[in-house]
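Trainee: Quick paste from Swiss-Prot:
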type    : residues                   : note
BINDING : 66, 71, 76, 81, 82, 83, 84 : (2R,3E)-phycocyanobilin binding site
MOD_RES : 71                         : N4-methylasparagine
């Protein structure tokens, strides 16, 4: 996992250069949004169960996926879906705090699509639930933090597509 600071420094180091104006601006932007990201992470942590519950209600609860024969029909499958959504929310929050999506690639997306396909997990419904989670999260953290957080939800959706 990297963060925005490490990414900028590593890029300069690989080239054997000092930080240029563009790199300094990236760091400045990261530091200027630090308090916003920390407040958003605290809000998400305090409301994680509600975010998951509302996301499921918006996207999955009343669809064919929860009816008999659907992919979330048994309690065990439903619990696995809730667990996965919580996992996505947590790691998207970590990525937002770090200002870098690399943790999503390393800990979430690496092999996930293949695993879901082999288990018959409907990727379209998963993406729909993640997008609902993005919407619910934005409504809680506000538009500025929501825009930042949305980048990481979109990154997960893109990786699953």
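A Cβ is built for glycine as well, from the same backbone N, Cα and C atoms used for every other residue.
For the listed features, I'd like the structural context: burial, neighbours, distances.
Mentor: Secondary structure at residue 81 ((2R,3E)-phycocyanobilin binding site), taken from DSSP and collapsed to helix, strand or coil, is helix. In this view, residue 81 ((2R,3E)-phycocyanobilin binding site) is surrounded by 21 other Cβ atoms within 10 Å of its Cβ, with every protein chain counted.
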Trainee: Using Cβ atoms only, which residues of the same chain lie under 8 Å from residue 76 ((2R,3E)-phycocyanobilin binding site) while being at least 6 residues apart in sequence?
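Mentor: Listed in sequence order: nothing, so none.
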Trainee: Can you check what DSSP calls residue 76 ((2R,3E)-phycocyanobilin binding site), collapsed to helix, strand or coil?
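Mentor: Residue 76 ((2R,3E)-phycocyanobilin binding site) sits in a helix per DSSP.
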